[in-house]
């Protein structure tokens, strides 16, 4: 087996980097297109994108082969711009981190809404570019035919948005329960359980759409990539099926179940308390699975590309 | 003026003098050889490039029985005219020099490993111990002094010949006209090491590549990415519209009831 140049740390970087971009996209869209009821989701998306991209940068730097011997060397990654796609990506990620930070500050301190929305538009583009970059980086690697696919950037963008949305929704109750003093609106939304539950009902549709698109893209990617069958039968197949079944099909199944519960909830004559709890619990479970799936996708694609010759 | 090495595989006797000369000149340590499990490559040792091996010989068996014949192929950095590693390197640690060589500057390197994945020929390797990239240098320090690369000087059969890039390409074009196979004349936009052979190099373990340079290759891929985006975007919009229409129809039907 060939030596792996990029391993688990880089997979983690691709995962959280994509999720950061996706969460910001969700946050920006919820604020710009959504009404007031989406405000908490918007905040959650934008707040979570910042630590995600910072973690991504930490994973990336730790993975660099010369960081231990030359701690300042990572700064050199800006030099070969725009010839090297990695240099382009470094600039994009830096700009995205800055915009994500400013937008989060504007939200937290209730800054001017118009300025915040302007930052959200810029961050939407940079967040999308960050998620896309993680795929383009692999696609441009001519020595790894498995990665050379026009579907890969889109697969990572869709997976980034799916995991970003899941993470943003997942964090609402977590923040509401553990940090209610700093995030009162999160607490208010979660305390009025029906509002959070109705949000879960609505976002369930978006999660389902994203999940279906991701399945289409993974089929197109595996079907057209040289050595695609390796993922289904080779040593990585266990992780690949875990991604497919636990990270995609199971959340879609849960999504269908949630949609059923949501329509049952809409009939007022039914007792909704039990239904609400079931919706919250199954949604949280589904989010965890989506997040695990997002990481497994990056891991199997990354490793497979380096061992398929 | 850019230099080139013409590798005429018809002249190679598989003596490995190039392999040994490279180790001696570049002060590379010996590596433990292993039994090669691939029966067609059993004499190939070492089996791959590594931080201690800038070049090695592939011993390829072609045919069986009476028609069995050997092909000997020297493998090293091909020093692309427009190198994928130089294009990929975010720090300009890898550079293409005027003499045609592709060399490495460790003081700029961040150890990202992108050159390893981006090289079309799988050449750069990472030295875990010294935390640097290692690869054939075209003996650029010898070229500066007007000397041939160590491997070229050691070659007893003139399989390896140092000349100008222009001359090497002209000879390769003539060889193609005679029905011989070349490698590096077209691949990845051309390389500074050009092979001439009686059998296609892809049959000797070399990867198949188009003539696209890194920039052309990337532009092509990006166009496909955008095309895919338009297709996927249209499919999503159509899907969502159909879904919304159906919901409306169902709602209307339910309202009608």
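The backbone N, Cα and C atoms fix where each Cβ goes, glycine too.
What you are looking at is a predicted structure, and each value in this text was computed from that prediction instead of being measured.
Residues or ranges marked as transmembrane segment in TrEMBL: A:6-33 (among others). Away from its own ends, the transmembrane segment (A:6-33) comes close to residues 39, 41-50, 52-53, 55-57, 59-60, 62-63, 93, 96, 100, 103, 116-117, 120-121, 123-124, 126-134, 156-157, 159-165, 167-168, 291, 294-295, 297-299, 302-303, 306 of its chain (Cβ-Cβ under 8 Å, at least six residues beyond either end).
Residues or ranges marked as transmembrane segment by TrEMBL: A:45-65 (among others).
Residues or ranges marked as transmembrane segment by TrEMBL: A:85-109 (among others).
Sequence-remote contacts of a segment are chain residues at least 6 beyond its ends whose Cβ falls under 8 Å from one of its Cβ atoms, and for the transmembrane segment (A:121-141) they are 13-14, 17-18, 20-25, 28-29, 32, 46, 49, 53, 85-86, 88-89, 92-93, 95-96, 99-100, 103, 147-150, 152-157, 160-161, 298, 301-302, 305. Sequence annotations record features per position, and here TrEMBL assigns transmembrane segment to A:121-141 (among others).
Summarising the annotation, TrEMBL assigns transmembrane segment to A:153-178 (among others). Sequence-distant contacts of the transmembrane segment (A:153-178), counting only residues of its own chain at least 6 positions beyond either end whose CB sits under 8 Å from a CB of the stretch, comprise 14-15, 17-27, 40-41, 44-45, 47-49, 52, 128, 131-136, 139, 186-187, 189-191, 196, 199-200, 203, 206-207, 210-211, 213-214, 217-218, 221, 280, 283-284, 286-288, 290-291, 293-294, 297-298.
If you look up TrEMBL, you'll see A:206-226 (among others) marked as transmembrane segment.
TrEMBL lists A:238-259 (among others) with the feature transmembrane segment.
Residues annotated as transmembrane segment in TrEMBL: A:280-308 (among others).
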Non-local residues, at least 6 beyond the ends, that sit with Cβ under 8 Å of the transmembrane segment (A:238-259): 200-201, 204-205, 207-208, 211-212, 214-215, 218, 231-232, 279, 282-283, 285-286, 289-290, 292-294, 296-297, 299-300
For the transmembrane segment (A:206-226), distant same-chain residues with Cβ under 8 A (at least six beyond the ends): 145-149, 151-152, 154-155, 158-159, 161-162, 165-166, 232, 244, 248-249, 251-252, 255-256, 259, 286, 290, 297, 308
